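Okay, structure first, notes after.
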Amino acid sequence: MLSSNARTRQLNGTCASSVDMELFLHYSLIPSLFIILVLSLLQRREHHRQRDDASYLLGNRFRMIIPLDFVGTFRNRWSYGVAFGATANKVMFLFSEGYQPLQVPQWAQAFVLLIGGIEVGLSHFPFFACLSSEFRLVSSILGFSYSLIWFAVTILHITQCPHGQFVGKYETVMFYWPSLLCLAFLLGRFLYMFVKSLRVHLGWELQMEEKPFLEAHQAEHVKQLLRKCPLQEREKSWFQTRIYEWDPYFQFPSRMIGTTVLAFICLYLFIVIEFCMFVYVRDELDVFEGELESYVASMNQTGTLTPVLLQVKELINVTKGVWVVTILPASLTCVSYLFHILACYRKQMKRLWAGDKHFLPLKFHNPSSSESVVAIARYSGWQIAYILWGYLIIHVMQSLCGLVIMYSLVLPVIHSQALEMLRGLGIGILTISIVLGLMVLQVWIAASFFLQPKMGTADKQKPLALNNRRAFHNFNYFLFFYNVLLGLGACLSRLLISCILGTWLIARIDRTILQSGCERADMGFSAWIGMLYVDHYHTNPVLVSFCHILITGHRERRLQQAIKYWYLNQSAGPRTSVRSRTRWLLLQTLINNPGLVTLRKSRPGHGSQDFTQILLM
């Protein structure tokens, strides 16, 4: 009799869904291109020139639309993040290289994957374009309709074949519920946009202001820098002190939020796929174990291979248990990395804003501009790939550590070999302790006998000046031969520590695992640095505030030129000349900063020297 789970797998093996998601991806390009065309026609070109070709029929219409600003978008961040999350299943489809629309040679697979990435991007382009479009009423209708199509097709695919061949019941639901949740959120978001824009169109509400050049948090950051006396900090909670402290003057761009959301969903899908593969391998191993048991039973446990087969069976059982147990710590490690990368992004961006580059390797103090532009395009995709591959590598490493613990500590106790295990463990600990003790002893002897006394009572350590040179040379001679053997163990420990740290930090794209001087060989770290520089040059609050002041001043001057005759119709009143206002501001600046008075250049005939003498009195 088959179990219920096995029957479910068998039934779903013959399940044929009427919806082919890969085929639907191809057909979704038709409404996607239609939406892109409509939104492009609604856009107006700022600079229009009369041309002789057929494009003059469009007038100043038809302008290229963008899905989202990958550098300076701080509004609707979570909506963009959820839109990225809706693409998770297709991203994992590309990651597994399951997209094969064309039969090409092996060397041309990169072009096929590029075509697949472009197709996935086009099929999900309307989500982002409708969120970022200025024509809220039309874009909300188009976005809602397109999201509803994807939601309905996904629901139909799940309801027809909800079970799978690996996990069993509700396997398809496990794969598609994150995308369904994201699509449902987008439906609600577009519905809210429609109601809001309709009320504005009917005159029931005022039109919201366009995207400001200077965001509110950037202005608050600059105000905080200009305050003479910083605000008193409130008492921090345990969470803010130990884990994470919120900064009201800093916001992550939409790119970082979208990358994090998509990385979370892709990590979940990757774990589900890994577990499905584990179930498949486990079933095959169960069949293999049954054959081993049949062979041992036929030999009445007297065959020469019986002990080896029993050890193989034990290894299989231990490996399966360790692999399942280490899923949780490996996944939690990668999840903590995602949060930690966000914290490092904020910390390093603030240091770059302050002009501090000491945390960067010297080779990255002046990166190439072209490489930085390419880096911001690479970062999001590479971050997700690093997290997924990092999870797999960390899982394998933790499983190997689990096997070592099982065979060194747990299995000896199960097999009534606890005393032998403790004896071997004690000898190993004693050996390592003696080696470390001899190393510490060398340092103590050097500090006690071979260094001159401190030059002052406030010195923390003795100066690097030799004392007792004859004894020192004999000390070096006799320890030379011992340190050769000790260096072998130090070399092996270096290799072991490098392997452990390298595999443990492989998912961290924000730091390199290579040695100093070889950082450029780490392409992921190079992409991280390039992305930081692009954000630093384009979203620095001080620079953006300065540009905002220039733009505002330019607009005010143009406005004054346009209405320069307006004052003729006004009653006479007090006026202030530009020169008087400038001198007043200069006086106020010099009073607040007396040190600048002596640095002023005196120009004869302008009274600046007499003005400086008055301030110095």
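Here the Cβ of each residue, glycine as well, is placed from N, Cα and C on the backbone.
Annotation source TrEMBL lists transmembrane segment at 24-42 (among others).
Residues or ranges marked as transmembrane segment in TrEMBL: 78-95 (among others).
Positions annotated as transmembrane segment by TrEMBL: 107-130 (among others).
Annotation source TrEMBL lists transmembrane segment at 137-156 (among others).
The transmembrane segment annotation in TrEMBL covers 176-195 (among others). Residues of the same chain lying 6 or more positions beyond the ends of the transmembrane segment (176-195) and with a Cβ under 8 Å from any Cβ of it are 79, 82-83, 85-86, 88-89, 127, 130-131, 136-137, 139-141, 143-144, 147-148, 150-151, 154-155, 157-158, 265, 268-269.
Listed by sequence, the residues of this chain that lie at least six past the ends of the transmembrane segment (261-281) yet keep a Cβ under 8 A from its Cβ atoms are 78, 81-82, 84-85, 87-89, 91-92, 95-96, 164, 166-167, 171, 174-175, 178-179, 182, 323-324, 327, 331, 334-335, 338, 380, 383-384, 387-388, 391-392, 395. If you look up TrEMBL, you'll see 261-281 (among others) marked as transmembrane segment.
Feature annotation from TrEMBL assigns transmembrane segment to 322-345 (among others). Residues 244, 252, 256, 260, 263-264, 267, 271, 274-275, 278, 383, 387, 390-391, 394-395, 398-399, 402-403, 406, 504, 507-511, 532 of the same chain sit 6 or more residues outside the transmembrane segment (322-345) yet have a Cβ under 8 Å from a Cβ within it.
Within the chain, the transmembrane segment (386-407) has long-range Cβ neighbours (under 8 A, six or more residues past its boundaries) at 95, 263, 266-267, 270-271, 274, 318-319, 322-323, 325-327, 329-331, 333-334, 337-338, 500, 503-504, 506-509, 524. Residues annotated as transmembrane segment in TrEMBL: 386-407 (among others).
The transmembrane segment annotation in TrEMBL covers 427-451 (among others).
Per TrEMBL, transmembrane segment is recorded for 479-506 (among others). Long-range neighbours of the transmembrane segment (479-506) within the same chain, counting only residues 6 or more positions beyond its ends whose Cβ lies under 8 Å from a Cβ of the stretch, are 333, 386, 389-390, 393-394, 397, 435, 438-439, 442, 513.
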